[in-house]
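Listed in TrEMBL for this protein:
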TRANSMEM  77-98  transmembrane segment
TRANSMEM  110-132  transmembrane segment
TRANSMEM  153-174  transmembrane segment
TRANSMEM  206-224  transmembrane segment
TRANSMEM  231-251  transmembrane segment
TRANSMEM  271-291  transmembrane segment
TRANSMEM  303-329  transmembrane segment
TRANSMEM  349-377  transmembrane segment
TRANSMEM  398-417  transmembrane segment
TRANSMEM  429-448  transmembrane segment
TRANSMEM  487-509  transmembrane segment
TRANSMEM  516-536  transmembrane segment
DOMAIN    517-567  domain 'Cationic amino acid transporter C-terminal'
Amino acid sequence: MGVDGVIGEDEGLRRRGCSCGKDDFLPEESFKSWGNYVQALKETPNRFMNRVLTRSLDSTELHEIKARSQHEMKKNLSWWDLIWFGIGAVIGSGIFVLTGLQAQQVSGPAVVLSFVVSGVSAMLSVFCYTEFAVEIPVAGGSFAYLRVELGDFIAYIAAGNILLEYVIGGAAVARSWTSYFATLCNHDSDDFVIIVHSMPDDYSKLDPIAVVVVCVICVLAVLSTKGSSRFNYIASIIHVIVILFIIIAGFTKADTKNYSNFAPFGVRGIFKSSAVLFFAYVGFDAVSTMAEETKNPARDIPIGLVGSMAITTAAYCLLSVVLCLMQPYPKIDKDAPFSVAFEAVGMSWAKYVVAAGALKGMTTVLLVGAVGQARYLTHIARTHMLPPWLAQIHPKTGTPINATIVMLIATAIIAFFTDLKILADLLSISTLFIFLLVALALIVRRYYVSGETSTTDRIILITCLILILGSSIATATYWGVSENNDWVAYVITMPIWFLATAGIAVFIPQARKPKVWGVPLVPWLPSLSIAINIFLLGSIDGASFKRFGIWTCVLLLYYFFFGLHASYDTAKELGENRIGDGWKRVEEGQSVSTVTASGVSLDEAK
């Protein structure tokens, strides 16, 4: 079925309006009757193999998939909007809340180095995201990029973690909003929560204010992207003024003696903090989801993404230095570090300025997150991995109202119950996992093109990628389980990573050059991004990985009972009607058995 056919189907959707019937959620052939569904379940192994081997095309994401929404998103954003969206998305509760906890208990004044490590990892990921966003400017962000390079199944697993990242991130920021609002009102943070003693400690503080804040953000996000941009722009300017005030006023009260014991917890403390503080950089990927609404993606996206991340990293480092110079690290308050620090140096009035600035920052983080997460969900629903009802675009506002409301309801529920520390650790796992997949996908994009890359080059590429991943995992695992500073294992794992990366650079010619903007020093920078992200994962506690595993199991259950069959039917219908040659059938979702029968082997298909 071509684009016209897809649009024709969408016309029917428009006539029905925003209905909530079965066909809006499960319109595919496999769900037309119980008999069809039982037959689909019997074919699960073959369908799963098809989805594992399926890779989308740039043109598919840019045209056919996008056409499955009811209306076009409005192109009204410039690079200036994206820079402020980036600043608004990133600078929030991470710096104002987590810095105190990490400086006091994990890394000491060396927390600034933790921000540097996290910032380098984030900037490497920004480079990877930027190249993809310029080449494939759609609302799906990393989900669309992974569909094109690593296939449908990997993209789905990443999609689930992308959505988890946004829900948890929004919930964490909403709860932090309540804490700083309490400070602004000269109250303790517990004064505005409902404590239920019969519930577990991590879930016993119910936060109704966080729910109200999320609801207000939902209204702003569904009304207009440009309107959200204007609000974000004004709020971010106020936020930047407050940050400059904190830095300048803080340096006037600095005491260099507080830096005498710079790294009391050693190198391990620095890296443990950097893994958690990666939370402070989460949000920039939301900017890449706005590529579909950008006037000139080739120019605006690189300036917006790289520019906002550079400004953010510099601000974080200066703020963390100021905090540790104002107070000895053991006395830093873990809940409201900057407010208490100003009070300790005799500037009690400044804590209200800090609280107001933090509230402004967290409000913009919530707003940009709401805009970004809805666009992710919209593009995922366009592929029918999730119900297509979520992909509908409102004709007047040009925004994905259904997706926005659903995501923010989930955010409000989590924010109502869950403690900030649990949210921060789990968020970091999901984010680092997605970022390493995007870096991996960039290497695949540059060095592998179906039908052009030779079998020998493909084998070398796969071998080198396995070695890069394996050596990075081994390094992170050894770091996580070892209690001493023994370095023998690193002498083995790090040279393996270096030689594997060099193998790609030396022995495999680049199969695809970026058309407009490309990551420099490929494969070294994306390979380094993979290694750093995996290393930071090794610094996160085991309980968070258990929660991550439970979430992954939930994703797989939904996939094997619903998402797999819905996306298979949709892709097969599209492929049968418009693809002529065998290898593209596999890429677009045609059944493996049909392609093999036509005389094209799976090896050739890939």
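Note that Cβ sites are derived from N, Cα and C of the backbone, with glycine treated the same way.
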Residues of the domain 'Cationic amino acid transporter C-terminal' (517-567) by DSSP state, where helix covers H, G and I: 40 helix, 0 strand, 11 coil
May I ask whether the transmembrane segment (206-224) has at least three C-beta pairs under 8 Å with the transmembrane segment (153-174), counting pairs 6 or more apart in sequence? yes
Would the transmembrane segment (516-536) count as touching the transmembrane segment (398-417), if touching means at least three Cβ pairs under 8 Å and pairs must be 6 or more apart in sequence? no
Under 8 Å, at least three CB pairs between the transmembrane segment (231-251) and the transmembrane segment (110-132) (pairs 6 or more apart)? no
Sequence-distant contacts of the transmembrane segment (77-98), meaning Cβ under 8 Å and at least 6 residues beyond its ends, amount to 172-173, 176-177, 179-180, 225-226, 229, 232-233, 235-236, 239-240, 243, 276-277, 279-284, 286-287, 290, 293-296, 299-301, 303-305, 307-309, 311-312, 315-316, 319-320, 335-338, 354, 358, 361-362, 364-369, 371-372, 420, 424
Average the per-residue pLDDT over the domain 'Cationic amino acid transporter C-terminal' (517-567) and send me the rounded value. 88
For the transmembrane segment (429-448), find every same-chain residue at least 6 residues outside the stretch whose CB is under 8 Å from a CB in it, and list them. 121, 124-125, 128-129, 131-132, 142, 145-146, 148-150, 154, 158, 161-162, 164-165, 168, 275, 278-279, 282, 285, 457-458, 461, 465, 469, 504, 508-512, 519, 522-523, 526-527, 529-530, 533-534, 536-537, 540, 544-545, 548
Determine whether the transmembrane segment (271-291) and the transmembrane segment (398-417) share at least three Cβ pairs under 8 Å, counting only pairs 6 or more apart in sequence. no
Ranking 110-132, 303-329, 398-417 by the number of C-beta pairs under 8 Å to the transmembrane segment (206-224), which range is first? 398-417
